[in-house]
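For 26-480, the entry in TrEMBL reads domain 'Major facilitator superfamily (MFS) profile'. For 21-39, 81-99, 111-131, 137-158, 170-191, 203-222, 289-311, 323-347, 354-376, 388-408, 429-449, 455-476, the entry in TrEMBL reads transmembrane segment.
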Amino acid sequence: MAAPSMEKSLLAGDRKEKITPLLLFSCMVACSGGFLAAYEHSVSGGVTSMESFLKQFFPSVYAEMKDDSKASNYCKFNSQVLTLFTSSLYIAGFLASLFASHATSRFGRRFSIRVGGAFAFVGAIIGGSAINLYMLIFSRILQGFGAGFTSQSISLYLSEIAPAKYRGAVFSFHSISYTGAMLLASLVNYGSQKIPAGWGWRISLGTAAIPATFLAAGSVFIPDTPVSIIQRGGDVREASQLLQRIRGTADVGQELDQLIAAASKAPTTVSPVLGTLRTIVRRNYRPQLVMSLALPIFRTLIGNNMVGFYAPVMFRTIGLGESASLLSAVVMRLTSMASSLVAIPLIDMLGRRVFFFAGGLELLVSLLTAGGIMAAQLGDHGAMSGGYASFMLALFCLFVSGFTWSWGSLTTLVTSEISPLEIRSAGRSVVVAVGFLCNAVMAQGMLLILCNLKWGIFFFFGGWVFVMTLFVLLFLPETKGLKLEEMGRVWEEHWYWKRFLLIREGGEDQRLLE
């Protein structure tokens with residue numbers, strides 16, 4: 001919790017901050033990047049369950065899916081080439097994220113947003129018009145490059161442009177755009193698979209060009225963040241005027257002084273790749289480094305790739321038809337959207353930790369119950385009854401609800417707000433790179449793990465949810481309502497992390513420099 005003196009020092013400035021049209025428009029454009037990324041991620045799960053798509057690009061998988069006498073229910077979709085269609089985006093995103101930090105720091109947040117949108121647009125066009133597997137994979141690689149740049153820059157942009165007291169709400173809106181895109185992907189997949197000619201998957205993949213166009217074009221009309229302008233040696237008066245426009249008040253002197261002070265600690269030039277990470281490995285930044293590594297790893301180990309991205313495949317596994325499996329995915333996305341709407345007014349009121357705990361409980365209950373039902377009711381070659389299949393859908397809805405308002409949205413929010421300016425871009429780069437790498441491994445191995453662990457995969461992920469919730473309880477402090485420049489104090493007051501930050505010298509606290 002923040003110290004009372006810190007809270008009092010923020011109240012006066014916070015009361016004057018407003019939600020301005022420029023802030024709303026800038027957030028809307030930036031959040032379209034989250035919409036784009038979510039659509040690209042989630043559309044692949046539905047497309048890979050479409051028979052027309054499998055016939056054209058993965059005929060061996062289609063033949064095995066149709067031959068019920070040979071393959072186990074858990075192994076029908078186990079093809080490393082098929083999973084490469086999904087994982088190639090994450091692999092490319094990981095590689096792009098290694099360079100995105102340098103570009104974001106040197107050329108600004110808006111530059112990386114624009115580059116990401118351009119890559120995604122070209123990738124969507126190629127994917128929608130693909131005639132062979134090489135074009136298909138190449139399109140996903142281009143989209144991965146775009147996702148690497150946008151994932152690095154958009155969270156930084158939102159955290160730096162949002163007022164402290166509304167930062168949780170802004171990121172909740174980002175989460176809504178994310179869940180909205182997943183809902184749209186499910187609806188598009190459900191509708192396009194009904195096209196008799198069998199080319200509906202082209203609509204599913206090509207539709208990503210629409211949000212990509214909005215993101216790339218919209219980035220022309222939004223400003224860079226004031227802190228980015230100052231960090232890159234821009235005019236302080238320009239940054240001040242922009243800050244006044246964003247905050248809706250002329251009284252921005254205190255915040256501007258904090259931004260200038262933070263920028264003075266950051267390097268004026270950023271060397272590529274390893275150079276951007278040199279500062280964050282110092283001892284006094286140990287809490288931020290650990291969180292930047294641990295939170296995206298834990299987020300992957302929840303099982304969202306299984307329940308979220310591969311939902312249609314999972315429903316085909318338990319015996320539902322093509323249309324029913326895609327419709328079930330739509331129901332899950334509606335649940336996720338509703339959960340995002342509920343979280344908006346509460347994240348800044350109740351805090352981050354409350355939602356981590358509540359979501360963790362939902363995740364644990366849904367995973368353990370689903371694993372028990374799969375073990376008892378689904379054999380290697382059978383199918384579930386309609387009642388049990390409906391109950392599994394309810395459990396999956398409970399899962400996506402818990403994920404949406406905990407690790408789904410809060411991982412991005414917390415990792416974007418905990419780092420001071422001098423390591424903010426590098427810290428975000430670590431989060432994005434680790435997230436993409438873990439997602440690539442999980443996406444590539446998910447169907448293989450499902451084939452080998454079968455129903456035990458639910459208990460595997462459930463065990464990790466318990467570990468993750470315990471980690472939050474012990475090591476993650478509350479960050480609600482604090483300005484980014486004040487965030488360092490939560491670590492100095494934490495029972496464990498304070499040992500890395502402060503030393504006693506002459507009776508005064510001093511930050512460790514190394």
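A Cβ is built for glycine as well, from the same backbone N, Cα and C atoms used for every other residue.
Quick caveat, the model's predicted, so the values are computed rather than measured.
In terms of C-beta pairs under 8 Å, the stretch of 354-376, 388-408, 429-449 lying closest in packing to the transmembrane segment (81-99) is 429-449. Outside the transmembrane segment (111-131) by six or more residues, the chain places 29-30, 33, 36, 40, 100, 103-104, 138-154, 157, 202-203, 205-209, 211-213, 215-217, 219-220 with a CB less than 8 A from a CB of the stretch. Proximity of the transmembrane segment (203-222) to the transmembrane segment (429-449) is not established, fewer than 3 Cβ-Cβ distances being under 8 Å for residue pairs spaced 6 or more apart.
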